[in-house]
Amino acid sequence: MKFNIALLAGDGIGPEVIDQAVKVSDAVAKKFGHEITWKPALTGAAAIDAVGEPYPDETHEICLASDAVLFGAIGHPRFDNDPSAKVRPEQGLLKMRKKLGLFANVRPTFTFPSLIDKSPLKKERIEGTDLVFLRELTGGIYFGEKGRRDGGETAYDNCVYTREEVQRLAKKGFELAMTRSKKLCCVDKANVLETSRLWRETVQAMEKDYPEVEVSYEFVDAVAMRLVQWPNSYDVLITENLFGDILTDEASVISGSMGLMPSASMGSDIALFEPIHGSYPQATGLNIANPLATVLSAAMMFETAFNLPNEGKAIRDVVNKSLAEGIVTEDLADGGKAYGTKEVGDWLAKNI
Ligand code: IPM
Ligand code: MN
């Protein structure tokens, strides 16, 4: 098959980890007889510097004309430390999610047997963890009206959800649960927030359409606690944008390193694949960042965007092999030999 893939490397370590995912994807394509045409496009601080806009129209056009988008990371400290900056890299990410209609963000958390001792959590707590967050990505407090009043002395961010936004996300959650162990947890704060009450009411009304799915409703603060106590008691979790942002960072610790977890964002026709970690500016250009989250995002791309499970499995297998053989970056080296970002990528591509 032939694919066009938009390649949005972004900022910080983005370009370095993206390079490895490209190498590995090309190796898989060669092995299985596919042809990939990569379409690089600007985003984030890199795009602000080049054209003054973090998600330029030209980048959007390239994404729309592609079969999938592979994304690195965006963000730069010079904007984080300047609250008055008018244009920020993150605005590009939010604009891209909205304009591409990516309302469902799939963030799995699983453990790797060879890394089970690398997790800061006790082995017996995390063994067998295999859960997926479905984070709503184009609504809630991220996109509600925000601003200042009283001469700047008061600030507000509104959290808004429509029933339809909840339904379309929850539908994906129920469908995913049906392909897994048929357990769905709706994470909210319905004891306080009106939007959460709408979430709960909407999901409750959908239960009858999926009689086999066992649905639980839990408050986000309790989930934050249970997630690190009993992660393997969860399967599919659905939640709104901000809760999902926070809980998926928390969940990533279970696997042992933030540099390991991939994600997929979907909704309309086009899907986007990216590591869940950020741009890690301190590591930029040092060849130390872990490329596996991006490489595994490419695996998700083959599996879900192109419906090619064997190609995805080839990537997952070689990643597992690299971990078992200790071909790892410094975050996982544990005092042993640490390989560079590029060296890990080369090893994976060669061993595909
Ligand atoms: C993420 C990131 C983004 C988010 C930031 C960079 C805007 O943290 O993808 O989780 O908050 O959604
Ligand atoms: Mn986040």
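From the backbone N, Cα and C atoms, a Cβ is placed for every residue, glycine too.
What TrEMBL lists as substrate binding site is R97, R107, R135, D221. When secondary structure is read from DSSP and collapsed to three states, D221 (substrate binding site) falls in the helix class. Annotation for D221 (substrate binding site): spatial neighbours K189, criterion Cβ-Cβ under 8 Å with sequence separation of six or more.
Summarising the annotation, TrEMBL assigns Mg(2+) binding site to D221, D245, D249.
If you look up TrEMBL, you'll see 4-348 marked as domain 'Isopropylmalate dehydrogenase-like'.
Listed in sequence order, L94, N241, L242 are the same-chain residues six or more apart from Y142 (site 'Important for catalysis') with CB atoms under 8 A from its CB. Annotation source TrEMBL lists site 'Important for catalysis' at Y142 (among others).
According to TrEMBL, the site 'Important for catalysis' annotation covers K189 (among others).
Sitting within 8 Å of the Cβ centre of D221, D245, D249, and not among those site residues for Mg(2+), are the Cβ atoms of V220, A224, L242, F243, G244, I246, L247, T248, E250. Among the listed binding-site residues, namely D245, D249, the Cβ with the most fellow Cβ atoms inside 10 Å is that of D245. Residues from the recorded positions list (R97, Y142, D245) with a C-beta closer than 6 Å to any atom of ligand 2: D245.
D249 (Mg(2+) binding site) sits 19 Å from R97 (substrate binding site), taking the CA atoms of both as reference points.
Annotation note: K189 (site 'Important for catalysis') sits in a coil segment as assigned by DSSP.
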